[in-house]
Structures are given as C-alpha cells and as structure tokens.
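Pulled from TrEMBL, these are the features on record:
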SIGNAL    1-25  signal peptide
DOMAIN    36-241  domain 'PNPLA'
MOTIF     40-45  motif 'GXGXXG'
MOTIF     78-82  motif 'GXSXG'
ACT_SITE  80  active site, nucleophile
ACT_SITE  228  active site, proton acceptor
C-alpha cells in the first residue's frame, strides 16, 4: 500500500482548500489510515463505480497506468452491489494485481445486469403473480455462473488489501462479516469469494438465499444460510471503522499510523448508491392501505426493501458523521451521496440501457457538485456553502501532488 500517503494527502488538501479546518493525522510522521466504503443498491452500483473510475484515472495520471484503487486504501468495505465492486477492485488476478480497473465497473454492469435482472420478468404478469406467492423475483443463476467463472477458487484471505463484506445468516439471525483478517486466521472463515458475493447480494424477494459450507484443515465444517448484507449494514462504513478498532485492539492488525482508535488518525471515503427524492417515492396515503403483499411488492418495487436499506444506510451516515463532528474532526469523513433520484433511477433492478446510462450520468454529475454533508437535524444532504465542484478541486490538487512528488 505504498500510495496511501498520496490519497491521504489528496483528500486532506482538498478539505483544507475547502477551508473546513481538517485536523491532519500526518503530524510527527504519522499517516492517516484510509477507508473506502461502498453501499448496497443493486443496479445503482453504477453510481459509485463512476466516481471510483474518475478517482482512479486521476491517480493513474500521477502514478502511471498500473495505479489501482486497492493500492491507496487500508480497508475497503462493501455491501451487496458494493461487495461486488469491492471484490472487483481488490481480488487478485494471475499477476497478483486487481482483477478490474475502476473504469471497467460501468461497462461490466452494462454487459451483465440485463441478464442478472432480466427485464422481461418485470413486465410478465404471470411471473409477477408467481413472485408474490412464492419464489424470488430472479433465480440468480446468471449471477452464480458469472461469479464462479470470474473468481474460481479465490478466497477472501487472498485479497490485495483488507476487505470487509457483510451478509446476514437467517438460521442464526445474526450478521456475518467476512474479512481478509479473519480469512487468514481461521480456515472456517476463509470463504470462497464467489460464495461471499452471492451471499452479500442475495436481497430478500429479489434473489434466493445462498447456502454454502467452509471446511478448515482439521476437517471441521461451518454452514452458512445467508442473505444480503444490506439487512444489517447497507452502508458498511461503521462496520469498517469498528473492524479496524477491534483488530488493532486484538493485535490482528498493525498500523504504525494508529496505536489506538481515533478519528483524527483515520480518513473515510464513503460512497452511496443514491436514494429516492425526499419529496416522496411513497406516502402515508397509499402505504396506509398496504397489507403484507403491498409492502413486499408495489408497482415493480419492494417498499420494505427500500425502507430498510435506506434507513440502515442513513443511520450509519448520521452516526459516523456525528462521531467525527463530535471529535471536532468532521471533515475526515467524506460521504458522497445523491438523495434526489427519481423514476427508474431509484430502482434496484431496472437494467435497461437507458436507465444504466442515466446512472452513469448521475455519477458524473456528482463530480460537478460541491462537497455535501448530512444535516444532523434533518438527515438531508446540504452542500458546503460556496465551494468549488469536487471534480475541479480533485483535478487541480492531483496535478499539484504530481509536481510535488517530482
């Protein structure tokens, strides 16, 4: 992770230029521990994918074409579609470099999501009725074959940086957190990446529950009955921070930058997948008439899934933002999120070419917007007043760092 200092310096300087008074963790030779977190959100994973493609392209302009996102972050966490992106960017190829560049994410989604979320089923009345009374919306077979063919026998202990990917065990009724640290320490926790990807993305009502087993060198077996990690942590930021704190305390992770937990020694970049416009995807007038089926299925969407995934992500954002601001270090936490999605863009599974291109544009538009911060009173995102667009600041500052390095 030889490029950590570059990304830390990049974002620190960005915030200094924004005049937000960041407390630099690089004093006395200490560096910041960097965390990347990517939300769940189905097809909307295109949005953070677009942001990461921009960031990685600028890093490549500085450090050369071989620069990759995994080189700059101590910990990468992802839930559901964010877990798939995490795996794409941190799992090794035969040359022990990441399987994909960030620029590949959007094209990957464009190619495969129409098969993962076949649109013919959305418009098929008979299928929709069958979905209401039995079976998930999609059979998940294409996704299973896809991850099997790409990931093969790779396991989480082989990741190129520390990763955190959550799922939820419906048999034990508890979250299951797959981490690189645990995989290297315990064979029963060293699951195949293909199994982890299928588990973290097994959204209830959309995909089947995923069952698999792990076996350690002593022949012991552990069973898993897993669904989407979004039911526990659709925004895995807090999970990543807690992971770092726990592993340092247990001695499993050694960062010279962090002897103890502290937000002043940590820099967190948290990428959302967008949420519906606050003015109302749903309302009390219609929801008060819903029964069990209405909450599960409404005009092609699943209100209960939307509610718990957005609520989970927002609560984590508010909690982490409060934690950093309370410690007078609020700008070491950067949350990039669009809370004004409308129409098909707010869906998890509308994989039409038109909608996917719209999601790419939404990601590009976020780069043109000023840095925003959650209002702890309203829960809504508000721009930092009078600041320059993120894209412009990043481009200028990356050039400055290139000059400084040379």
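Each residue's number is its place along the chain shown, starting with 1.
Just so you know, glycine gets a Cβ as well, placed from its N, Cα and C.
Because TrEMBL annotations are produced automatically, they should be read as predictions rather than curated entries.
For residue 80 (active site, nucleophile) paired with the residue listed as 'active site, proton acceptor', the C-alpha to C-alpha distance reads 6 Å.
Over all protein chains present, the Cβ of residue 228 (active site, proton acceptor) has 28 other Cβ atoms lying within 10 Å.
The residue listed as 'active site, nucleophile': 34 other CB atoms within 10 A of its CB, across all protein chains. In the three-state DSSP reading, residue 228 (active site, proton acceptor) counts as strand.
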